[in-house]
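As annotated by TrEMBL, active site applies to CYS271, HIS327, ASP350. Residues or ranges marked as Ca(2+) binding site by TrEMBL: ASN390, ASP392, GLU439, GLU444. Taken from TrEMBL, the feature domain 'Transglutaminase-like' applies to 263-353.
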Amino acid sequence: KTLDIERCDLESRINNTTHHTDQNGLDRLIVRRGLPFTITLHLRSGSQFEAGVSTFRLIVEIGPLPKELSGTKSTFSLTDSALKTAWSVSTNSPPGNVVSLSVSSPPDVPIGLYSLTLDQGQKVKLGEFVLLFNPWCDKDAVYMEEERDRQEYVLSQAGLIYKGTTKRIKASPWTFGQFEPGMLDICLKLLDENPKYSSDADADCSGRRNPVYVTRVISAMINSNDDKGVLVGNWSGDYDDGVRPSHWTDSVAILHQWADNCCQRVRYGQCWVFAAVACTVSRALGIPCRVVTNFGSAHDTNSNLLIEFLYDEDGNDISDDSVWNFHVWVDNWMARPDLDAGYDGWQASDPTPQEKSEGVFCCGPVPLKAIKEGELNLKYDAPFVFAEVNADVVEYVKLTNGRMVKMGGSSIDVGHFISTKAVGSDERHDITHLYKHPEGSLQEREVFERAKHHHELQQKGEEPGLKVKIKVSLDMDIGADFDVFAVVTNNTEADKTCRVMFYARIVSYDGKPGANCGFIEDLTMEVPTGKEKRLPLRLEYVDYGDTITSDRLIQLVLIVIESSPREFHKAKRTIVLENPDIAIKLLGEPRVNQKVSAQISLQNPLPEPLQNCFFSVMGASLTDGKLLIQNVGTVGPKQEAKYTVEFTPTSTGSRTLTVDFDSDKLSNIKGYLNIEIKE
């Protein structure tokens with residue numbers, strides 16, 4: 001008996017709430033796989049549904065060329081109850097002209113935009129819906145057991161990204177905004193723009209059942225090195241034809257710019273921007289994700305798990321390998337049925353374009369357990385990630401006669417304070433233990449050998465009798481003058497005559513050196529036996545102010561050469577100058593759909609005026625998906641920049657207002673305020 005359908009209600013309000021997708025809005029159907037959803041058929045007058053008499057089939061399809069064989073199309077009839085391994089539809093509606101149908105999807109079907117069609121010999125399209133990964137379903141590969149983890153790694157729209165150095169770790173706020181208007185459609189568009197979709201759309205759509213496959217696509221598409229990806233990487237310091245990477249505070253503006261301009265590459269990003277946008281896309285699609293920072297992160301260019309630093313006699317770095325002050329990537333949570341048992345859980349993935357994987361600039365996902373245990377044959381890209389957190393370092397001086405002299409080495413310089421935001425709080429959560437065994441432990445060294453590292457770095461002979469190190473002042477604020485100190489201690493039984501070179505230079509977070517901003521060159525120092533000598537180096541704003549990057553990093557290098565016997569000693573330290581704080585004060589109690597104001601201020605710490613000062617304000621469900629920008633003009637030395645911003649919260653709950661300050665001489669200043677929105 002044919003049903004004469006007047007309209008179909010996809011019940012998006014009820015379904016979206018049940019499926020934890022209501023933050024995307026309630027005006028379209030967005031559901032998660034493995035969990036039933038309800039649709040209602042309203043029949044025209046005279047048409048009536050009768051169980052066992054009325055027959056029809058439903059058809060769900062995804063992609064431009066859907067096929068039953070590839071799982072991108074499924075045709076199914078009414079059954080008595082939901083099936084767990086195939087699409088199914090059931091009903092318990094009594095006879096009448098309103099039919100409530102319960103549609104169930106398997107927990108391993110492709111995610112994306114589906115069409116829903118009713119077939120009674122004549123086909124009627126009922127509508128479209130988006131199907132996402134489901135961390136709430138224990139049969140889904142992305143299932144997370146704890147609700148508090150799902151709240152943090154899937155539903156939270158704001159987070160913290162850690163930067164700086166091991167000595168001074170700083171948290172920067174970021175708005176992921178995965179539920180802001182338009183974000184889900186842009187994330188689905190990103191999947192459709194990947195080269196695999198262009199070459200075989202049905203195979204690509206079929207592959208979207210697997211979070212491993214989707215994560216690799218995301219990793220490749222966040223950068224634009226070999227596809228129509230989102231971001232262009234730039235570490236040159238010249239950003240005149242784009243946006244300085246440190247200026248971004250949210251993924252929403254980046255993804256909108258990419259989508260609204262026909263997928264033209266967005267200029268510019270660096271590692272934390274790539275990672276943050278990847279986190280937004282992952283969470284939007286339902287893959288649990290967190291942003292991770294590794295301090296002292298190695299970039300091994302020749303895949304030998306060894307970072308080889310080479311210097312000339314003047315202390316200039318002439319090596320290819322590098323250790324970044326910090327590097328940022330993401331961890332995604334998923335099962336790994338493609339590997340042996342025991343490798344489910346967090347998987348590292350790095351969207352920053354560094355090295356190619358299977359011919360494409362992407363990296364991961366690779367199980368954290370594989371990295372920790374040195375299992376470098378496991379997919380994907382385990383050797384590269386292992387080196388980032390666990391490479392050994394060896395240093396050489398190349399003499400003018402061409403001879404190479406080993407200056408030192410270390411197995412503990414790489415992979416420290418691996419950090420991510422804690423669940424449910426703004427505390428830093430140290431996850432180093434998930435990536436590696438305790439530094440210097442027997443287990444850690446055994447793992448290194450298991451990783452087929454055959455280079456021996458243990459120093460031969462006795463420990464050097466001359467010790468060198470660098471000490472710094474407590475207060476190192478941007479705009480201030482301060483001292484740093486070369487410290488030489490003579491623990492030998494003889495007086496020592498040394499040649500000392502001590503210099504400071506600007507450096508970017510990826511270790512790329514810039515201009516010198518202070519130096520003591522070729523000083524002869526007499527160090528009596530058993531004594532310590534200190535040599536101060538004054539760093540003044542007039543010397544570093546014009547060339548320091550928005551990372552505010554200065555690298556200190558100390559080289560001490562004993563005259564007899566001729567031995568080289570080196571110490572290196574990177575310092576980060578402290579930013580002024582942004583003060584944010586709410587003016588009134590924030591309530592949903594009511595305007596509220598916040599007063600924002602920042603004091604100029606520099607001894608000169610700041611020109612072209614801007615505040616940029618963003619908050620998911622606070623600023624209507626927009627970046628609010630205010631030009632506050634010129635701010636004199638020690639004067640305050642002020643801005644009172646108005647915004648209207650659109651939903652209740654905990655929200656984060658993020659603020660960025662930018663000017664001609666001071667940028668990359670971040671602040672944030674957690675706000676509880678009431679009814």
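Cβ from N, Cα, C; glycine included.
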Could you tally the C-beta atoms, other than its own, that fall within 10 angstroms of the C-beta of CYS271 (active site)?
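Step by step: centre on the Cβ of CYS271 (active site), count other Cβ atoms within 10 Å, giving 27.
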Please work out which residue of ASP350, ASN390, GLU439 has the most C-beta neighbours within 10 angstroms of its C-beta, and give that one of the recorded positions.
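Max Cβ neighbours within 10 Å, all protein chains included: ASP350.
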Compute the average pLDDT of the predicted model within the domain 'Transglutaminase-like' (263-353).
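Taking every residue of the domain 'Transglutaminase-like' (263-353) together, the mean pLDDT is 88.
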Please identify which of ASP392, GLU444 has the densest Cβ environment, defined as other Cβ atoms within 10 Å, among these binding-site residues.
ASP392
Counting every protein chain present, what is the number of Cβ atoms, excluding its own, within 10 Å of the Cβ of HIS327 (active site)?
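I count 26 other Cβ atoms within 10 Å of it.
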Any idea what the Cα distance is from ASN390 (Ca(2+) binding site) over to ASP350 (active site), rounded to a whole Å?
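Rounded to a whole number, the Cα-Cα distance is 16 Å.
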Please give me the binding-site residues out of ASP392, GLU439, GLU444 that lie within 10 Å of ASP350 (active site), comparing Cα atoms only.
none
So of all those recorded positions, HIS327, ASP392, GLU444, which one's Cα sits nearest to CYS271 (active site)?
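That would be HIS327, nearest by Cα distance.
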Express the distance between the Cα positions of GLU444 (Ca(2+) binding site) and HIS327 (active site) as a whole number of Å.
21
What is the interatomic distance between the Cα atoms of GLU439 (Ca(2+) binding site) and HIS327 (active site), given in whole Å?
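That separation, Cα to Cα, works out to 19 Å.
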Between the Cα atoms of HIS327 (active site) and ASP392 (Ca(2+) binding site), find the distance and write it as a whole number of Å.
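Here the two Cα atoms lie 17 Å apart.
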Just to be sure I understand, if DSSP states are collapsed into helix, strand and coil, how many residues of the domain 'Transglutaminase-like' (263-353) fall in each?
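Residue counts for the domain 'Transglutaminase-like' (263-353) by secondary structure: 15 helix, 41 strand, 35 coil.
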